[in-house]
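S.K.: Please find one structure pasted underneath; my questions will follow.
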Amino acid sequence: QIRYSIPEELTRGAFVGNIAKDLGTDVTKLAAANLQVLSDSDSQYFSVNVNTGVIMVSERIDREQLCGQNPRCFLHLKLAIENPVEFYRIEVEILDINDNPPEFPSDEVSLRIYELASLGARFPIQPAQDPDVGTNTLQTYHLSANDNFNLNVKARTDGGKFPELVLEQALDREFRAFHHLVLTAEDGGSPPQSSKIRITIQVLDANDNHPVFDKPSYGARLVENSPLGTLVVKLNATDVDEGPNGDIRYSLSSHNSAALRQIFAIDEQTGEIRVQGNLDFEEATVYEIEVEAKDMGSPTMEEHCSVVVEITDVNDNAPEVILTSFSSSLSEDALPGTVVAVIHVRDRDSGEQGKVLCHVSPDLPFQLRKDYEHQYSLLTSTRLDREHVAYYNVTVSASDMGNPPLSRHTILPITLTDVNDNAPQFEQASYEVLVAENNPVGSVLVTVSAADPDSEQNSRLSYSILRAGGTDPGLDPTRYLSIHPTSGQVTAKFPFDYEQTTYLQFHVEVSDGGSPALRNRTLVHVFIVDQNDNAPRVHFPRAGEDSATQFRISPSIVPPALITKVVAIDADSGRNAWLSYHLVEATDLGLFSVALRSGEVRIMRALQETDASAHELLVVVRDAGEPPLSTAVTLVVLVEEKGPEALQGSEARAADGGGLPTITLYLIVSLVLISTV
């Protein structure tokens, strides 16, 4: 803690002290450490030059306005330095200068004094007020020269001085009815300042006894916040005169301030003083009440006494929590021990009741560190995770040590800002998609979806397709597929053909918008589903587009002799490639038959002379798809005496002397084997 002393009313820019010199540090270090001066008061009376380390006056300082009549006046500052965070307490004592003369409430006062007033009778004069303190405040009074009165200055317990005129020589109204005096009030400044009041005294005739209190002073003790109407003390004054001259009325003297008159009231008949306002120990610890008792004579005679009321403190003020520094947003990667707020606490009560303890909930990742008396720092105690808890309401509880204790709770809302510490995660480790061939261009095959618990830019995802390992190098997925970068929808660029591609796999990569970006991948398997898009194709017997294949049989052929076999294949797969053979038209449907599955054409009965010599058969080959596709082939069977009995067509005739072609031979062998099986 550093202490300086300066007089009040210094001009702006006046030198207060060199903080760099007093801290024993280099000025350049202070400038680099972001030096700040924080004041406990509402006004910023001081400023600091970070280049020189000099503290200067920045606003006019009126000691009387700041501290009133307190003998000592201080302004407290806090010096804050960053990197690392340090605080120094600076105490500046404001010294009084003699800038206020004593002043009487008025320029003239009139007194009416009975001529038979007793020697030594005292007549209070309204005192002069000087807001300065110490030697600069009111010190003495001087009374102008006269024959009848002397001056007595009464000192109060609070340091106040009240002038009284003391009758030293008996008055004679017939000799002099009026006395004109001058009272001068003078302070102790250098040079001293003074003011004057004219006193006019009228000498009256009549009532020759004044009231007398049974005590010269009274004392009482009350606790603060006593209920309205609480009895403070009951005064008792007597007057030996009779009738109206002995009838006493009590009242508060004009010496009392207006504030005191609002707190206490006196019953003019009984002399009871009661509480009528709020008693606050923090505003005043003792009250001195000036009371006067007047009789009803003519002229009225009066007597004065004082009542000293001491106020006892009770714990009636809850602690105050003041945020000196606070940041409502905090990065989630802040290290433990990071300062979030600097808190100042105070309690207007005194003693143990003014001591304050602060704490926060142990369930939160924050803790309080006591920097010095009345100041705490709120720190992070553990690592933070915005994805787990994004927002905290930290309640700082301040409790005093009174009985019962009073407390105050201040809520500090703290929002965690995001850092890119989470990679995107796909909903599935891999995706399997069944796609029918001949799909429309641009159709959505699959939608991949990933989530990132980060926020804002760190959670904005972008999708892309990568070639997966193990895929046929000729099948680059980006040739066939595209992906929407934000929705994750995978669409086809071309229709798929099951007969060319049955399976495709690729990786989809997702990256977030953080810096640096975090990535993840998932594997997508695409299975092409066959559609019935290929009609059966006849491989044997071969025929032109509009021609029929001829076969010759002998009239003596024995049923069920094999004439030929229709062989067809279908490029589709599964049910779409299951073929069936049907004889739909024939010259004589009862003469020939076609095997449903093998396609073998056989004669079913012996030929007769009445049968035609040429028979035309229409064989349809149909697959099992939905809807089914088919192909028709026309066979012409000629009955000739010298024709081959089976498996001889126009192709056989064309190969007269050279035998069967190789491919035909293979087909015949295959047909025989299949038929045998």
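Keep in mind that glycine also has a Cβ here, set from the backbone N, Cα and C atoms.
Keep in mind that this is a model prediction, so the values were computed, not measured.
This is the feature table in TrEMBL:
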DOMAIN    5-104  domain 'Cadherin'
DOMAIN    105-213  domain 'Cadherin'
DOMAIN    214-321  domain 'Cadherin'
DOMAIN    322-426  domain 'Cadherin'
DOMAIN    427-538  domain 'Cadherin'
DOMAIN    545-663  domain 'Cadherin'
S.K.: For the domain 'Cadherin' (322-426), what are the DSSP-based totals of helix, strand and coil residues?
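M.R.: Per DSSP, the residues of the domain 'Cadherin' (322-426) fall into 4 helix, 56 strand, 45 coil.
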S.K.: Over the span of the domain 'Cadherin' (427-538), how high is the average pLDDT in this prediction?
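M.R.: Average per-residue pLDDT within the domain 'Cadherin' (427-538): 87.
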S.K.: Do you know the DSSP helix, strand and coil residue counts for the domain 'Cadherin' (427-538)?
M.R.: 8 helix, 48 strand, 56 coil
